[in-house]
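Input: a single structure, listed below in structure tokens.
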Amino acid sequence: MYASREDIGYDFGDDSKVGSKPAKPNPNIDGGWAWMIVLSSFLVHMLIMGSQMALGILNMEWLEEFNQSRGLTAWVSSLSMGITLIVGPFIGLFISMCGCRKTAIIGGVLNALGWILSAYASNVHYLFLTFGVTAGVGSGMVYLPAVVMVGQYFQKRRALAQGLSTTGTGFGAFLMTALLKYLCTEYGWRSAMFLQGAISLNLCVCGALMRPLSPKDVSEKYVVRGNSEDNKAKALSHSAETIKSNGPLSEELEKKEEATNEEVLDSVQHVDIGDKSRGGRNMYGLRILKTVSQLTVMVRKGFAIWYSSYFGAASLFTNRVFVAFIIWALFAYSSFVIPFIHLPEIVKQYNLSIQNNIFPLTSIIAIVHIFGKVILGVISDLPCISTWNVFLMANFTLVTCILTLPLMHTYVSLAVVCALIGFSSGYFSLMPVVTEDLVGTKHLANAYGIIICANGISALLGPPFAGWIYDITQKYDFSFYISGLLYMVGIIFLFIQPCIQKKQPKEKSTEEAQV
């Protein structure tokens, strides 16, 4: 059964579960170590997303080195960026099994390994495997935990915290572009990739900073957030307790599973102790058996949580608003990427190269994008403002700019539209907040993994689709129009589905009153 309450505009949790005693939140929530988590996430965005936005430097080196077509060479960076996001659902499995800290540390090692192995590439296809796949998967294993941990540590200032952490992408784009350009000039692209791999090992340090909260702290934060939502204008929210109560991983089953796991470990420990009296020959084997048993328990429990989130009775896909959110994500990211691809050609078409060389339009988007993330985060955290409404308004502004950009023929008008694109696209920092409001903190890793997977598909297929449209029409305008219209379809799904969810409970209550 689906939730009897509305998906839009109702409180977190049941009143019966909120005790009369006021919960004492962990001092590290919204303060203390929480800001170290923001710093860690900021550095992750700078090292991963910033490096990927600077791959144009390496792409020119690869074209010169391997003498392959531009289309084939471009797939190296496209694979890396796409896989970073597409592997999100599978990274959610890792997080369910071993937590954000271990997942991020392993991902940091894998990402650094991909950079270092790519330094020895003999052809483009070698880079597909080492840089596109290896470094891409490693990036995904660090990126998702960085977003999830910020959501876990913040209650009142979630949007601001996410906005500050994601500004690392903009700073990283400037810093990493300059760094890779300098390294390639001084030492060559192979040494540059090797050194970048060494720098990427700092992702392991960022992962080590992701100190997990205890389950008690998470539950207390969740209850306090439920109380605070009553005083707001009832922003978009979906109770995690609703998902949990319908799913196979209810509290009773979890207790039974934990009891069974403890029995298994206790039996191993009993054999371990009994064997000490016989001698130390089998101690090593028993310790291995104990470790394997612990790993088996951890994997089984993590896989059960991951499986129930996607395919069980408590599947995230039973939340219709969340499904609409996924459809939106399939169209959104490509609409943001396309201006970066076609703006240089539009500038040439209108003979605006002189003005653009002084201050590039893409730089205007990147700079204003940083401020947009922070400002939209601050606005969303205001008590009287709904994060969902800010998110929708930013999307409507962005799609309007995408559709009107081809109509601008002067540098000033293009600069104004690009500034609006950069500011409104700051809604990216609100995506984890909206996702958490939809599914709750417990399911954030798996849910946001699906969202970024949809974004990854959009990023991977969007640019080739725009190029295909140009090949047919021989005009860049249609790339903006078609992508903008598809983007509008996704926004309409976001707008209509909550209204349907609001209407359904009212119809049910009317029928019950008549009966």
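Using N, Cα and C of the backbone, Cβ positions are placed for all residues, glycine too.
According to TrEMBL, the feature transmembrane segment maps to 33-55, 75-96, 103-121, 127-148, 160-180, 192-210, 321-343, 358-376, 388-408, 414-435, 447-466, 478-496. Taken from TrEMBL, the feature domain 'Major facilitator superfamily (MFS) profile' covers 37-502.
For the transmembrane segment (447-466), the partner stretch with the most Cβ pairs below 8 Å, chosen from 192-210, 388-408, 478-496, is 478-496. A Cβ distance under 8 Å defines the sequence-distant neighbours of the transmembrane segment (127-148), meaning residues of its chain 6+ beyond its ends; these are 40-41, 44-45, 48-49, 52, 62, 75-76, 78-88, 91-92, 94-95, 100-101, 103-104, 106-115, 117-118, 121, 162, 165, 203, 206-207, 210, 432, 444-445, 448-449, 452. Residues 8, 235-236, 328, 332, 335-336, 338-339, 346, 376, 379-380, 414, 416-418, 420-421, 423-427, 430-431, 434, 437, 476-477, 480-481, 483-485, 487-488, 491, 494-495, 498 of the same chain sit 6 or more residues outside the transmembrane segment (388-408) yet have a Cβ under 8 Å from a Cβ within it. Confidence for the domain 'Major facilitator superfamily (MFS) profile' (37-502), expressed as mean pLDDT, is 78. When Cβ distances are compared across the two stretches, the transmembrane segment (33-55) makes no contact with the transmembrane segment (358-376), since fewer than 3 pairs at least 6 residues apart fall below 8 angstroms. Here the transmembrane segment (358-376) has long-range neighbours at 159-160, 162-164, 166-167, 170-171, 173-174, 339-340, 343-344, 347, 390, 394, 414-415, 418-419, 421-430, meaning same-chain residues at least 6 beyond its ends whose C-beta is under 8 angstroms from one of its own. With a cut-off of 8 Å between Cβ atoms, the residues of this chain six or more beyond the transmembrane segment (414-435) that come close are 147-148, 150-151, 158-159, 162-163, 165-166, 236, 322, 325, 336, 339, 343, 346-347, 352, 359, 361-362, 364-369, 371-377, 380, 387-388, 390-391, 394-395, 397-398, 401-402, 404-405, 408, 444, 447-448, 451. Sequence-distant neighbours of the transmembrane segment (103-121) (same chain, 6+ residues past either end, Cβ-Cβ under 8 Å): 44, 48, 91, 94-95, 127, 130-131, 133-146, 190-191, 193-194, 196-198, 200-208, 210.
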